[in-house]
């Protein structure tokens, strides 16, 4: 154990503007010794890590949310302000590292001037110094240090050699330094004070920084294509198409592998234990539960890999720029586009991807509507019902009627997602005006493998840990409902008909009769709560179809003989909206930071499902 | 200078080069109060005397716009950019 009690500095907080490379510096300081959690009482991500200095000291590093000023315009920025001003006793830093993008000093120096007012021990780190030097920007650190009255050090987070000065300074400060107690003169800056801070910053730049005659304009040249009204949209569509393909298609083989792996374990246990309650719990409850969590991993990995690469590259801000007007009309942020698109594969990576939206209001709207995008779990249900009930006619000679119905189901999902976000904008956020779209478009940079991998691992751990526990619990609960009480020895019907699931099914049957659902369907909906596609197997169970390779095909035949067309159409309409995926609900609860949001999603989707099914059923009856 | 003689950045075409004369949001510039929008613009670097250059326009209704101010490029909607009053750059090419 390292003895840290004698150190003058034990906890360091990183403060800086968005895009200043703060996270890369955090990674360079802490390596893989990181922990991501939430700040007490708020859903703001708290990133902490341990830095081991060359001098053998251990320092706790906190990566504070990026901000342009201490004014705190959002819950994230409030955390930054409160930690800087010692208002959060558990996180009080001994030293602030102000991280500045050396290629963008105007806003960085304004923030530094503001931080100086707080009287906190402060060091300025000129990050990305290699890029600045490459562009011919010359910064006199000594002059800056004299002017500001604080240590100034140049660094480059992604090059080990260029971190040496910073490490040395940290060692030096944490051993001997006693910081002069200075008063806190900070107060929330008015527009006039901001102007003065900026003037001070510009004066510092004039004294200590020299810019080249010809500025680097590579980013501008790339943007003249990527932000072009036509070419830019085409590139965006291509990127999105690739991403959609990747999440949808590339993830399939590993997902199948994981699923069949868990199936094999299940079969093995079945053989070892023989049929029985323990076997059923292990196979249908525990293993199915763990399996359903783990099988999402490939999609989540691919999704986040794309998002992290695009984010680090600097493209995400461009996508938001291109989509802003298109999405803005219905109250969605330009950045919501990627989360919503990925929700076509699965709402879970989509909802997690909504983290790229800084503003809480915009993020919540995106999380609320993401499950309405037609996810891949709906496809087995749609395919089953369409194949069984929709004739394989051709419309207008070449369009398949079945394909048209499928397309229609997707379209209804998209339209209703836009509709719901519009309603949320008009009702829910009535008193909370949309923040204006104002966004820095950072220079393009090549993503660093190490930073991408660290961020990827953080997301995966978070998903497995947070969502995993909830999803697993819910799967076990549903198994319990579908298993107990057990069927009597002389049972003539499928065992599920004697369980709590059947009781619930009978209980909700009168409610579902007006939308044309039979009581068998009501029973199947209960285990179907685990995940949408489970309902196909559950229908097989209630109609006593033995499993097997062509089980789904048989279910289709049975349904075609047992259901009427209005019932089938009503069932399709139900699954456009039905909130029948406990994993999604669990992730909403985690990501939105409260059960309130989960119940809200559940409630509005259930209501939409019921109304849609009711309308479809009665129109189909009348026709 | 009067407002009439100045060009609001929000109505500037692509390629426009200017110098910020003042930031003057009106009550209906944005969904946010005038004082708040003024501070946000200042925080992004839109301060008096800074040079601006309209680099790119969005695909629908030429909105939003991407503006170089100092060393950074900022994307914003024309609606909010109307609060940034500029005069044509003296160094205009």
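Cβ atoms here come from the backbone N, Cα and C positions, even for glycine.
Per TrEMBL, these features apply:
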DOMAIN    A:9-176  domain 'FeoB-type G'
TRANSMEM  A:225-248  transmembrane segment
TRANSMEM  A:268-288  transmembrane segment
TRANSMEM  A:337-357  transmembrane segment
TRANSMEM  A:369-392  transmembrane segment
TRANSMEM  A:404-428  transmembrane segment
TRANSMEM  A:463-484  transmembrane segment
TRANSMEM  A:496-517  transmembrane segment
TRANSMEM  A:529-546  transmembrane segment
TRANSMEM  A:558-577  transmembrane segment
TRANSMEM  A:597-620  transmembrane segment
Given the cut-off of 8 Å on Cβ pairs that are 6 or more apart in sequence, determine whether the transmembrane segment (A:225-248) and the transmembrane segment (A:496-517) share at least 3 such pairs.
no
Other parts of the chain folded back onto the transmembrane segment (A:404-428), taken as Cβ under 8 Å at six or more residues beyond its ends:
330-332, 340, 365-366, 368-370, 372-374, 378, 382, 386, 390, 395, 434, 572, 576-577, 604, 608
Mean pLDDT, the domain 'FeoB-type G' (A:9-176)?
91
Using a cut-off of under 8 Å between C-beta atoms, tell me which stretch among A:369-392, A:463-484, A:529-546, A:558-577 contacts the transmembrane segment (A:597-620) the most.
A:558-577
Sequence-remote contacts (6 or more beyond its ends) of the transmembrane segment (A:369-392), Cβ cut-off under 8 Å?
248, 332, 339-341, 343-347, 350-351, 354, 400-402, 405-406, 409-410, 413-414, 416-418, 420-421, 424, 531-533, 535-536, 552, 555-557, 559-560, 563, 565, 568-569, 571-572, 575-577, 579, 581, 584, 588, 601, 605
May I ask for the residues of the chain that lie six or more residues beyond the transmembrane segment (A:558-577) and have a Cβ under 8 Å from a Cβ within it?
372, 374, 378, 381-382, 384-386, 388-389, 405, 409, 412-413, 416, 515-518, 520-521, 532, 535, 539, 543, 545, 605-606, 608-610, 612-618, 620-621
